[in-house]
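Over in Swiss-Prot, the protein carries these features:
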- 1-246: region '6-phosphofructo-2-kinase' (REGION)
- 42-50, 164-169, 346-349, 390-394, 426: ATP binding site (BINDING)
- 75, 99, 127, 133, 169, 191, 195: beta-D-fructose 6-phosphate binding site (BINDING)
- 125: active site (ACT_SITE)
- 155: active site (ACT_SITE)
- 247-463: region 'Fructose-2,6-bisphosphatase' (REGION)
- 254: site 'Transition state stabilizer' (SITE)
- 254, 261, 267, 335, 353, 364, 390: beta-D-fructose 2,6-bisphosphate binding site (BINDING)
- 255: active site, tele-phosphohistidine intermediate (ACT_SITE)
- 261: site 'Transition state stabilizer' (SITE)
- 324: active site, proton donor/acceptor (ACT_SITE)
- 389: site 'Transition state stabilizer' (SITE)
- 444-463: region 'Disordered' (REGION)
- 462: phosphoserine (MOD_RES)
């Protein structure tokens, strides 16, 4: 029997299929030369879990398989009923044993994730406030040849701490049976006091001079960075230096309906249809009603987004990075035309929409890399309206909603709707606002071929 063939992502050559176990297809290229354990450090209510989840979302979005291991969840699995802050007293020897066992269980799962499940980065989300605990954790990656990077969140502003407790902590499962918010707040403050007595901050000038770390001070007002080891740690540092905790709103919308939308064509640079111009006027009215202070407006460099923004009568910035995905030889063709002219390309695109790259064009994976500077700048901003294109919109939305590479191309971003994104404690709230202007639908559902996975005779021509 002939060998099954597949095509190398790097070179367009047919090679025998390798049936040995491999990393999940969502991983793409490995961006780390050895697995990394990120160890969070800091008192409770300092934003460690916020940083852990946000950083994990970013790393997964850029193609680095990452998972959070939250010690609080392990503790709640091991101790079904939370009684009070007394569990966290340093002189509660029985509880200390339980907490250590929970930490060891979490580290065992970290090892499994990084060695057997295709993970590249594990985030160990716990207080880790003593040197003794951190030395125990350091022994684990040394045994397994993992790199370690510490992230310490330091905040002495009582207003920020109280806000974090009220927004996140008192609604945690620990306090589901608590009879009042005040009692929960009081218990949590006493829990913090238990940790404060033995807290030993990271000290890169003395005891911790050899550790790779970043200290995030006062929710990003200052940073201290020490001994960054590699490319991925530099990206982590850069990301953490760009995010902020201030309330803001991000609006995503596509341009008004274009002439190519009406014709069912992809790509190109056509202007707005009459309904597209009507949407642009409706968007202008919507933005005015929002009464947003210092709203920034971003567009691509293509006609449809610029014509949509012109109706707002507001300053706007053009980003080449926001241009629609490049369909290469398939630009300005309908899907039916692509199917007739390039049947193999059509089948490959349907089977593997994220990794598939149009000949001389781009894949969604390429688009994510192109959009990374946009994400960094969005994280720095306050209120922003991004007027973009379908593939660009779904890539940005996937970042904020923590969607996988497989889900990304099939997210719905309809014409003539505004997606209002409001960052919240551990995620993002999304509201879809339709502006009552009719348009064609350009959404394509996942094909049956895509649901089955790639064809054995598969050319996945991305890097």
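Cβ atoms here come from the backbone N, Cα and C positions, even for glycine.
Distance noted between the C-alpha atoms of residue 75 (beta-D-fructose 6-phosphate binding site) and residue 347 (ATP binding site) is 48 Å.
Each of the recorded positions 155, 347, 391 was scored by the other Cβ atoms within 10 Å of its Cβ; the lowest score goes to 347.
For residue 254 (site 'Transition state stabilizer'), applying a Cβ distance below 8 Å and a minimum sequence separation of six or more within one chain yields 387, 388, 389, 390, 393, 413, 414, 415, 416. Counted within 10 Å of its Cβ, the other Cβ atoms near residue 127 (beta-D-fructose 6-phosphate binding site) come to 20, all protein chains included. Under the DSSP three-state reduction, the residue listed as 'active site, tele-phosphohistidine intermediate' is assigned to coil, being neither helix nor strand. Residues near residue 50 (ATP binding site) in space but far in sequence (CB under 8 A, at least 6 apart, same chain), listed by position: 168, 245, 425, 426. Summarising the environment of residue 99 (beta-D-fructose 6-phosphate binding site), the number of other Cβ atoms within 10 Å of its Cβ, over all protein chains shown, is 21.
The binding-site residues near the residue listed as 'active site, tele-phosphohistidine intermediate', taking a 10 angstroms Cα-Cα threshold over the set 191, 195, 267, 335, 364, 391, amount to none. Long-range neighbours of residue 364 (beta-D-fructose 2,6-bisphosphate binding site) (same chain, six or more residues apart, CB within less than 8 Å of its CB): 325, 353, 354, 355, 391, 395, 405, 408, 409. For residue 133 (beta-D-fructose 6-phosphate binding site), the nearest of the recorded positions 261, 267, 324, 347 in terms of C-alpha separation is 324. Distance noted between the C-alpha atoms of residue 42 (ATP binding site) and residue 127 (beta-D-fructose 6-phosphate binding site) is 5 Å. For the pair formed by residue 155 (active site) and residue 46 (ATP binding site), distance between Cα atoms is given as 6 Å, rounded to the nearest Å. Using Cα positions, the member of the recorded positions 46, 125, 127, 191, 195 nearest to residue 335 (beta-D-fructose 2,6-bisphosphate binding site) is identified as 125. Distances between the Cα of residue 195 (beta-D-fructose 6-phosphate binding site) and those of the recorded positions 46, 125, 167, 267, 347 are shortest for 46.
A straight line from the CA of residue 347 (ATP binding site) to the CA of residue 267 (beta-D-fructose 2,6-bisphosphate binding site) spans 19 Å.
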